[in-house]
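Here the structure is laid out as structure tokens; the discussion comes afterwards.
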Amino acid sequence: MFLISKIWLGYGLISVVLSAFLVLIISTSQLFNQSFYRLVTIHLVLVILSWINSWPSRIVYTEDSPYFARVLFEHSPRLFKSFTFLGVAFCHIQSWSSIVICINKLRTANPEKYEERNKFWNRWCLLIYGLIIGFGFMAANYLIVIPTIRYLPETGNFVFIVMNLGDGIMNIFLVGVFLILYILISLIIGLITICKIRKHEEKGYHHSSLVILAHTFFRVFCLLSLMGSFFLQIEDFTVEMMITIFDFMTFSMTYMLLFCDENVKMAFRTSCSSGDST
């Protein structure tokens, strides 16, 4: 296994364990009664699934563990295409999930309307995420041409084949459009949220506000970096750089919660103390 793959695997496994732990304590602790945390829980489950789904594609793109990839490809040639399709869908789902969480913080910032709006988000969050997931699958199905993956026995390598030049150009165009779109939407909503929060939180930012703002603007930075590395197109460096940036962006919510959210810290201390007492 390549060194970069070992780094991805180590960072990812640690992040998955921490994310699963956060899902567990948020789902079971009475400290997390805000709709914000319910949205975050769903988001964390989605990022765990996204990271797991990304590994077959990583193996092919980086040509790491070629024996495993070849065996899997020969037995299920359509399987890699399915993983790629799900990977594209998860990219859209994660982006809209982060935007929706930021909108939630924007809409619940006013303390006078908090109870009413918090109930609304708690009631309809599953429907909202159903729509987000539906859009993600539709975007992956209709707005991009998934390349065909072929194994070349004479070279021992995998190649990605797009049906024609027009499809390849359209894929590059759509990737650029969606990256710019998500950057602009996240940036605009993030700035509006800052103004709204500063208006209603006179004593300083609430810790949950810090989490979502830090997460939103970190995603903007990562999306800008992804766009830059995508258009560089420097062979393997581009692939490895994009996957690394995507990993940092994928688990950013996990680490923002661990470092900035006081409720998470309190729940963590409580779980540790209860574990010690037993």
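Glycine is no exception: its Cβ is also placed from the backbone N, Cα and C atoms.
All TrEMBL annotations are machine predictions without curation.
Since we're looking at a predicted model, the values are computed, not measured.
Quick look at what TrEMBL annotates:
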TRANSMEM  6-26  transmembrane segment
TRANSMEM  35-52  transmembrane segment
TRANSMEM  124-149  transmembrane segment
TRANSMEM  169-197  transmembrane segment
TRANSMEM  209-231  transmembrane segment
TRANSMEM  237-259  transmembrane segment
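A contact between the transmembrane segment (237-259) and the transmembrane segment (124-149) is absent, since fewer than 3 of their C-beta pairs, 6 or more residues apart, lie under 8 Å. Counting Cβ pairs closer than 8 Å to the transmembrane segment (169-197), the top stretch among 6-26, 35-52, 209-231 is 209-231.
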